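A quick write-up on the structure given underneath.
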Amino acid sequence: MMARVSSALFLAVAALVLAVPSFAGDPDYLQDICVADLNSDLKVNGFPCKANATADDFFTAVLAKPGATNTTADSVVTGANVEKVPGLNTLGVSLSRIDYAPGGLNPPHTHPRATEVVFVLYGELDVGFITTANKLFAKTISQGDVFAFPRGLVHFQKNNGDKPAAVISAFNSQLPGTQSIAMTLFGASPEVPDDVLAKAFQIGTVEVDKIKAKFAPKK
């Protein structure tokens with residue numbers, strides 16, 4: 001009897017392990033191509049297919065040149081996802097390029113739908129991610145290096161050098177999504193209540209309002 005139970009338990013665990021990859025990243029596609037119809041009013045999980053696809057639907061040169069880093073964080077992210085490359089629809093992959101001025105930061109953020117792998121084009125970066133146990137995994141990476149950020153975990157990249165830096169990021173999602181921690185909490189619309197943020201960060205509501213003012217949409 002015990003042997004039958006053990007065998008059944010083993011088979012159940014094995015089935016679960018084999019099933020896990022099917023839940024990672026985007027769903028598998030059921031046809032060769034499904035170029036996104038970005039103008040369709042139909043709402044589905046992803047994008048509906050457009051009728052007439054061309055080679056241009058699978059092409060972009062948007063990552064070829066550095067982006068303008070004259071931002072508040074001294075960095076800029078240029079995406080090559082399904083919204084820029086419609087042919088990526090249902091393929092479960094995308095890229096982006098991140099450029100950093102000296103001192104530039106890609107602020108702490110998460111990608112709820114994808115794991116990210118960065119490849120350093122040039123420069124040097126201090127990077128890291130934080131687990132749900134609040135453990136920081138950090139490393140300094142430079143040209144030619146690769147670093148992975150697990151799906152959904154808060155992570156960042158900082159250029160502490162005196163020269164520009166850039167990476168190419170790969171994602172296992174056609175549209176990984178990005179939630180910047182500071183912007184999400186202090187720039188949400190409608191606003192997150194002041195008392196919630198004050199208690200969470202153990203600061204006063206006056207300080208909360210000052211921080212919110214920095215993330216308020218420009219008029």
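Even glycines carry a Cβ here, placed using N, Cα and C.
Copied from TrEMBL, the annotated features are:
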SIGNAL    1-19  signal peptide
DISULFID  Cys34-Cys49  disulfide bond
DOMAIN    59-209  domain 'Cupin type-1'
BINDING   Asn106, His111, Glu116  oxalate binding site
BINDING   His109, His111, Glu116, His155  Mn(2+) binding site
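Everything TrEMBL records as a feature, shown here on the structure.
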{"residue": "Cys34", "record": "disulfide bond", "Cβ within 10 Å": "20"}
{"residue": "Cys49", "record": "disulfide bond", "Cβ within 10 Å": "17"}
{"residue": "Asn106", "record": "oxalate binding site", "Cβ within 10 Å": "25"}
{"residue": "His109", "record": "Mn(2+) binding site", "Cβ within 10 Å": "19"}
{"residue": "His111", "record": "oxalate binding site", "Cβ within 10 Å": "22"}
{"residue": "Glu116", "record": "oxalate binding site", "Cβ within 10 Å": "23"}
{"residue": "His155", "record": "Mn(2+) binding site", "Cβ within 10 Å": "23"}
_Tell me which of the recorded positions Cys34, Cys49, His155 ends up closest to Asn106 (oxalate binding site) in space, Cα to Cα._
His155
*Would you mind reading off the Cα separation of His155 (Mn(2+) binding site) from His111 (oxalate binding site), to the nearest angstrom?*
9
*Cα distance (Å, whole number) from Cys34 (disulfide bond) to His109 (Mn(2+) binding site)*: 30
*Beyond Asn106, His111, Glu116, what residues of that chain have CB atoms within 8 A of the centre of the oxalate site's CB atoms?*
Ser96, His109, Thr110, Val118, Phe149, His155, Ser169, Phe171, Pro176, Thr178
_Please report the Cα separation of Glu116 (oxalate binding site) and Cys34 (disulfide bond) in Å, rounded to an integer._
24
*Taking all residues of the domain 'Cupin type-1' (59-209) together, what is their mean pLDDT?*
97
